[in-house]
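A.B. asks: So TrEMBL has the following annotated:
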- 26-47: transmembrane segment (TRANSMEM)
- 59-82: transmembrane segment (TRANSMEM)
- 88-110: transmembrane segment (TRANSMEM)
- 117-137: transmembrane segment (TRANSMEM)
- 157-177: transmembrane segment (TRANSMEM)
- 184-203: transmembrane segment (TRANSMEM)
- 255-279: transmembrane segment (TRANSMEM)
- 286-310: transmembrane segment (TRANSMEM)
- 322-342: transmembrane segment (TRANSMEM)
- 349-368: transmembrane segment (TRANSMEM)
Amino acid sequence: MIFLLLSLFAFFYTFSSSKVINTGDAGEFAVGAITLGLAHPSGYPLYMEVLKLFSFLPLGSVPFRMVLASVVFSLLSLYMLYRLVHTLTGNALVSLFPVALLGVSYSFWGQSVVMKFYMLNLFIISLLLYFGLKVILEGYDRRLSFLGSFLLGLSLANHHTAVLVVIPLVYVSILYFRPFLKNLPFSIFFFLLGFWANLHMFIRGNRVFVPNPVYDLNSFWEVFLRKPYQQGSSPEVAKGLFADPMGYYYALKNLFIIFKTNFPIYAFPLFLLGILWAFRFSRRVGIYLSLFFLAYSLLLAKMTFSFPLIKSDGWYIGAHQYFLPALFGFALFCGLGLYWVVDLLKRTELLKVALPASLSVYALVGVFDRLIDQNFNDNYVAYSISKSIISSLPVGSLYLTYGDNHTFGSWYFKYLARYRQDICSNDYLSPDSNTLIPRGCYPQKLYKDSYLFSSFFKGNFAEFASSGRLYSIVFLKPPNPLAEFFKNEFWVFSFALIPKNLQVPENVWTKRLLRYEELENLSMLDCANYMTDDRFSATLCNYSLPMFAYLISRVEVSKQTGLLNYDVRYMGNTFRVSVNRPGDKSHPGAEFEIKVGPENKNLIDLYNRVMQNNKLERFIYYPYTAEARGSLR
């Protein structure tokens, strides 16, 4: 039965998988994997190697093949959940229930169908949890100790949250302290053997395109420990355990919201019963499983998710990604709780079969929700908008980006799709700084020595701006030093930076822009029609709307039936867009009029559809966000 259930999930996950690059880190991961390079700190060398292997599959696009890695490791994680419950209960039918419960949960499904390393991380963690349980139940086995040590070292070449599994494993080591101590030297050897997967960072860290090169031991630790993220580095995050005890209250509060969002209400009494049953079965098992759950729920939440108010992006990144092991542990206890209920039905054999079977089938009803809110099959937003932008740029353009979605999308098209290699993209053009990182101009020597780009590497922006070859995702504004010299002109989901002393005839600019009307129209159709509850897709679409509105305003109408005043303001370092706030001059932006007529009526309708489809209120965690609680205006 378990393989039938896993086959069902395999079908649904594959169907729901992203067929192109999804939002977030997918473009970067695809490039890092195809070149056997690295991703952003901590580099994720193991994940890069896994994706490279999947890229050789003879089906679909390269991004789709890589997404299949998430599908495979999610199925393996579900199988490990089944094995854990079955090992403790011996009841195959009951063991299906937690698999169904976790498999249809919002975040588990969502991370199973995109290019992300969390499913590989969960599979390694679940294996280690299983090995520890086997030792508790069957006694110390040095083979499991060595294999577990190897996997623990290997996990550090993927994602650092795996190290939290050490907490329950230390408890097992204490239970079998003497044999553990006797075999400790070999365990350390196997741990280092697994950790040596990070040698990939030395071998490939400066030979191919990588976001943060590794040249020596110092740069290795810089990347491995995520030090470029400063307060978000691994050591700094770990310090959060000991800061502000009040944070534990908010951690518990936020955790409850996460569990309530992912699981039905009837799962909670089963969860509590499961904890009690685990201690009733064996105090050692109860302590071991509870330590695992606490490590990946309360302790992880205290380090990463213990704030009284969290913005929508924080909920999307944190709640939707970090806590998969906690969801795994919750489902495990639910399975044990159901077994206790079934075990109490001593004289009703039919009910013993019917109850777990019925609950498993009932849990699968969630499939219908997931086929809507976590279906990336029809979500082309990241791919479509990135391609529209770079397709519209003149030959030899400089493309200045800020933020993962635009930056990683440009990397994907340049380095993997090999599309528009005549463009030099530079990321992290902050609204507050003119600092540029030419990571989209690799190999730099080729661009530095070229006729098209040599002047840029000498610091000459004016030449590109004067020839209409300087474009930016960011609306240039003070205090950015470049704002003194350049003005913003709306372009295809971006801005052309034009010297302030250069006057471009409006009719010339309009004619040039309208050549790309069909391109913008297609991308906006993607924004209007995708179903996924994906905050990054909504961010991309909302940020692109003012550029689309400007294009609508350039369409000449034969018979004017109305007039719309459009006002857009750009605030802070992120792409928060305030639309239709006439008279608000506290933030820089632009105003223009849209003449309504038969020629642009369909475009205006499309604009409104995009607005509706990308409302923040669609986000499943919206009621708990800082925006919903009125702390952001």
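Glycine residues also receive a Cβ, built from the backbone N, Cα and C atoms like all the rest.
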A.B. asks: Which bits of the chain, at least 6 residues beyond where the transmembrane segment (157-177) starts or stops, bring a Cβ under 8 A of a Cβ in it?
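C.D. replies: Sequence-distant neighbours of the transmembrane segment (157-177): 42, 44-47, 117-118, 120-121, 124-125, 128-129, 132, 135-136, 139-140, 148, 194-195, 197-198, 200, 226, 234, 284, 287-289, 291-292, 294-296, 299-300, 322, 325.
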A.B. asks: Give the nonlocal contacts of the transmembrane segment (59-82) in its own chain as ranges (CB under 8 Å, at least six residues past its ends).
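C.D. replies: Sequence-distant neighbours of the transmembrane segment (59-82): 2, 6, 9-10, 13-14, 17-22, 26, 29-30, 33-34, 50-51, 95-96, 98-99, 102-103, 108, 111-116, 118-120, 122-123, 126-127, 129-130, 328, 331-332, 335, 412, 416.
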A.B. asks: Counting Cβ pairs under 8 Å that sit 6 or more residues apart, are there three or more between the transmembrane segment (184-203) and the transmembrane segment (322-342)?
C.D. replies: no
A.B. asks: Are the transmembrane segment (322-342) and the transmembrane segment (26-47) close enough to be called in contact, which here means at least 3 C-beta pairs under 8 A that are separated by 6 or more residues?
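C.D. replies: No, these stretches are not in contact.
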A.B. asks: Could you tell me whether the transmembrane segment (286-310) and the transmembrane segment (255-279) are in contact, taking contact to mean 3+ Cβ pairs under 8 Å with a sequence separation of 6 or more?
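C.D. replies: Touching, yes - the transmembrane segment (255-279) and the transmembrane segment (286-310) meet the threshold of 3 or more Cβ pairs under 8 Å.
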